[in-house]
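Q: Mind having a look at this structure? Questions to follow.
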Amino acid sequence: MFNLMSNCCNWVSKLQQPMRKVTVLVVGLDRVGKTLCIRGMLRAPLGDVSPTHGCVRYELRLENFLVNLLDTGGSPEFHLCWREYYGEAHGVIFVVDSSDRHRMKEVKEFLTDMLRHPRLAGKPLLANKQDKMNALLGSELIEVLSLEKLVNQSRSLCHIEPCSALMDLRRWSDRRTLRGLRWLLQAVCLDYPDLCARVVRDCGRPPGPEERERKAKTDKSQKKNKVERCLLLKANKPDIHQAQCSLEEEQKSRGHLQPIILK
């Protein structure tokens, strides 16, 4: 009876809390399972997961949080694009395939570069370690990546959560992907007003030289694609459906919000 009353009080307390909007950047090298990790949180069918190009946004409501998950491409050509979203993020999920020991040096280099960036330093970091056979233990991962030193230098709260999106789809409760996300949201809550102020300030700040150059290249590419679509429509007017599909694929690659239908 006491436990029932305690649970009711906790439930009422959560209802009285304000809804908080949080943006979480999900990054990691290619082929480590970033999209699978997000689908595990959403409990969405895995289906055929293709490599992410650019940035794709997903929304998730978890208790008193409206979470905007930014799924970024892990291929080398997209690594610099991550920086465009640093200012927008309240926290970061860094997905690591800890069974792939040969790439640990590469992981360490990108993690070091990321945590040293002024727009990301001090923001909470969740390291989602893929829980596979022969994977590094959490303590081994901390040592290999010099994680303790890095987070102390950047003054970032950090937590390692072993997880498997495939296993989470079989669980109705205690999903480790969600458990890690809950930790990250609690860490964001500890400094929520200041983090929101940083997001507003950094998103309103004029872009640096690298960001301006990248934006110019993107605009040029978009203009070229627009011309190609016009030529396609002129050359093949009856096939309007095919042209529309091409446009939708381009919008997806440019990171427009992709809705997830929960079963």
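Using N, Cα and C of the backbone, Cβ positions are placed for all residues, glycine too.
According to TrEMBL, the protein carries these features:
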- Gly28, Leu29, Asp30, Arg31, Val32, Gly33, Lys34, Thr35, Gly74, Asn128, Lys129, Gln130, Asp131: GTP binding site (BINDING)
- Thr35, Thr52: Mg(2+) binding site (BINDING)
- 206-227: region 'Disordered' (REGION)
Q: If you count other CB atoms within 10 A of each CB, which of Lys34, Lys129 wins among these binding-site residues?
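A: Max Cβ neighbours within 10 Å, all protein chains included: Lys34.
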Q: If you draw a 10 Å sphere around the Cβ of Asp30 (GTP binding site), how many other Cβ atoms fall inside it, taking every protein chain shown into account?
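A: There are 15 of them.
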Q: What does DSSP assign Asp30 (GTP binding site), in three states?
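A: SS state of Asp30 (GTP binding site) = coil.
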Q: Within 10 Å of the Cβ of Val32 (GTP binding site), how many other Cβ atoms can be counted across all chains shown?
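A: Within a 10 Å radius of the Cβ of Val32 (GTP binding site) lie 21 other Cβ atoms.
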Q: Please report how many Å separate the Cα atom of Lys129 (GTP binding site) from that of Thr35 (Mg(2+) binding site), as a whole number.
A: 14
Q: For a quick check of packing: other C-beta atoms within 10 Å of the C-beta of Thr35 (Mg(2+) binding site), how many?
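A: Neighbour count, Cβ to Cβ under the 10 Å cut-off: 21.
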